[in-house]
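Listed in TrEMBL:
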- 59-307: domain 'G-protein coupled receptors family 1 profile' (DOMAIN)
- 1-18: signal peptide (SIGNAL)
- 6-33: transmembrane segment (TRANSMEM)
- 45-69: transmembrane segment (TRANSMEM)
- 110-138: transmembrane segment (TRANSMEM)
- 158-180: transmembrane segment (TRANSMEM)
- 219-242: transmembrane segment (TRANSMEM)
- 254-278: transmembrane segment (TRANSMEM)
- 290-309: transmembrane segment (TRANSMEM)
Amino acid sequence: LPPVHYFLLFFLQMSLQSLQWGNVSSPTTFLLLGFSNAYKAQVTLCLGFLLIYLVTVLGNLLIMTLVWLDGHLHSPMYYFLGHLSFLDICYSSVTLPKILKDSFSPQKTISFVGCITQIYFFLCFGGSECMLLAAMAYDRYLAICHPLHYTTLMNKKICLCLVAVSWLSGSFSSLIQTFLTAHLPFCGSNVIDHLFCEVPFLLKASCSPNTHLNEAVSYALAGTIAMGSFLLIFVSYVHIIWAVLQRRAGRQKAFATCTSHLTVVCLFFGAGAITYLVPHSSRSKEMHEVLALLYAVVTPMLNPVIYSLRNSEVRRAIRKALHRGLLEQRVS
């Protein structure tokens, strides 16, 4: 992880310790109300979650390895893709191992410190991914709309700056939201009606009269990152589509370089919009859990699959790596 995370996590831990010494009422543990406790359901869910996690980790590790080793993928587009794969592994690792463990636990609990830490990293990786997807859209905009100046406008220094801005934006936004949530009083209530710790569900469990203010600040911060990055992506693709439609040749190739990224954007932002913009009161508990799994678990698993199936250069790199592996086996 970037060094800034260690500083922010140290600051957060110091803040959590101060809560236990101060006058703020906070439980030592939270009880998570997850899926069914039926044994057959638990076994099925455990196997399903384990399969999803393995596909997520192995698929994204494959993308990262290909970007690192294959010289044809040493470009800004795949540099961002490698970081996206790393973010997807981190994003799913915040919640899925705990959900996997809870599938067989008779009592699904998480410590107060563990809950707040989970919220911080979940928001951090989610916000960073929003910004990174916007950086990838900007990269495609420069490559298609300004091809002659692309290598100058998108050099290594600019790539590093865009990745750093993505990490820092997610980090500081999540730190503020987590800090406000950690200082909420709970008055002995320690039940979270969800699969994992998330800000809206802790606000619901809190007895503070200022929860509406906390909720407004959280939605403002998350909305600024999500809507800001979505608007950047939207504007980039408007310019891309306009530039491509004005060309007489090369349209298919230009669109082909964007389809994978656009599919991931629709999946990530679509799942988030359904989860947070649709009124919570109109959903059942089961619908809450399915939507939570969609954006927290399923999306990171599908990203490497989408890039593998839709991107010809990634497919070529996979075939090349497999061919090299078979040759090495025959030689040995």
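Backbone N, Cα and C atoms are what each Cβ position is placed from, and that goes for glycine too.
Note: TrEMBL annotation is automatic and uncurated.
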Which sequence-distant residues neighbour the transmembrane segment (290-309)? Criterion: at least 6 residues beyond either end, Cβ under 8 Å.
49, 52, 55-56, 59-60, 62-63, 81, 84-85, 88-89, 91-92, 94-96, 99, 122, 194-196, 198, 260, 263-264, 267-268, 271-272, 274-275, 283, 315, 318
Could you pull out which residues elsewhere in the chain have a CB under 8 Å from any CB of the transmembrane segment (110-138), counting only those six or more residues past its ends?
5, 8-9, 12-13, 16, 26-30, 32, 77, 80-81, 83-84, 87-88, 90-91, 94-95, 98, 162-163, 165-167, 169-171, 173-175, 177-178, 181-182, 192, 196-199, 202, 222, 225-226, 228-230, 232-233, 236-237, 261, 264-265, 268-269, 272, 296
